[in-house]
């Protein structure tokens, strides 16, 4: 008698395990179809477009809701679960990986844009400008980055970031607006038309989570409670429970994800007004997308394979849900809950690694953004007929790397840092408006590359930290089996029937006493 076929069972198991991924892919395809049909057969007002995208807005709000508790709980528990020396080694390996891949991405982008030359055949006046240029000073932006690493108010850091703005000092004192000046300092003077302009620095707070400041605090807080022993264990247990509860909420949110993604992609297709710009900037877009494809399909998998010696594409397949989410919502921070779930449940990466590495990676590891900024800067130089020297190309490389590390994981942060890169080599900052029209699409693909780089980083750091993690496991098992190693020793005196001595830092009291101490006393 032959074996009963199990193909039906396997098919059902496959659907049960991958229904969310399949439904998300179907939602993307359906969203494109719906967007094209609605755009072609009806004229929607701006108000109608806003209402149409409402279900997608709800998805974004739900994902952003869990970012704060997830980052705080995961960072604290991840650091507290490890020895400070182990945490330092893991952190160093993660930073080296992030920096190395970012530098490789920048070099790759520059090689491609110099070879393809997408801006040589076009002129600046042939491309329509869109939007307005962000007002950014390189020095002020870098100082703001350092300031935000050390927030003065922890509660405020959960919903606001510090930002400075330059204001021209007018001869007559004319206080305007309701803005509160946090600090006022004479910044600089410039000569324009033989007139001296004086500026002052005004400190403001803008909406948005200060992720970098929270990560620094959680890192220190986790190290401290990890060294407190039993006194800090109650806090470790609390944040562990908070992390687990947050991940349960993420599972509920992901059930709604296909619906939200459908309306997100359809709403964006309906919203775009000028599709002609895609033809004009087609070669530039092809250069950026080619660089992102090479980095994500060749460079990152090759590094993973060399270090881990496993199939990188199987690992990437396990991250498919997170990559699709990043592609649709274009925010690595908002994708973080899904990235956690895929890395831990699909690829079985150690939670001590994911909780420590992923929040940091979502903040400072921006391979796709760095590549995009390098390509865009050289492209704008080509549009202006400017021949870049080796020194200027090196300047672009360094600035793009530094700016991408400082960019927050929020939509279109690349445009803000793009101004810094352009200013570093003397290119007109207003030319960033030439590429804004297509940035919404490129932003999605570079965010996907950013998330993929974070994911590969967890696998690589886990492999390199295997020995330290095993040592932590062994020491934990010893403590769990016999944490205090108490063995009563009879005192050699007349009261030996009722008294016991200190052994290994613990002590026992006479059985006739009401309370019996069985744990080590800490002095």
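Here the Cβ of each residue, glycine as well, is placed from N, Cα and C on the backbone.
In Swiss-Prot, residue 54 shares a side of the membrane with residue 427.
From the options 154-181, 238-265, 462-489, the stretch Swiss-Prot describes as transmembrane segment is 238-265.
With helix defined as DSSP H, G or I and strand as E or B, the topological domain 'Cytoplasmic' (308-312) counts 2 helix, 0 strand, 3 coil.
Around residue 332 (L-aspartate binding site), taking its Cβ as the centre, 32 other Cβ atoms fall within 10 Å, counting all chains.
The stretch in closest packing with the transmembrane segment (286-307), judged by the count of Cβ pairs under 8 Å and taken from 94-114, 353-379, 440-461, is 440-461. The transmembrane segment (94-114) makes contact with the transmembrane segment (440-461): 3 or more of their CB pairs lie within 8 A, with pairs spaced 6 or more apart in sequence. Sequence-distant contacts of the topological domain 'Cytoplasmic' (344-352) (same chain, at least 6 residues past either end, Cβ-Cβ under 8 Å): 78, 81-82, 315, 318-319, 321, 455, 458-459, 462, 469, 472.
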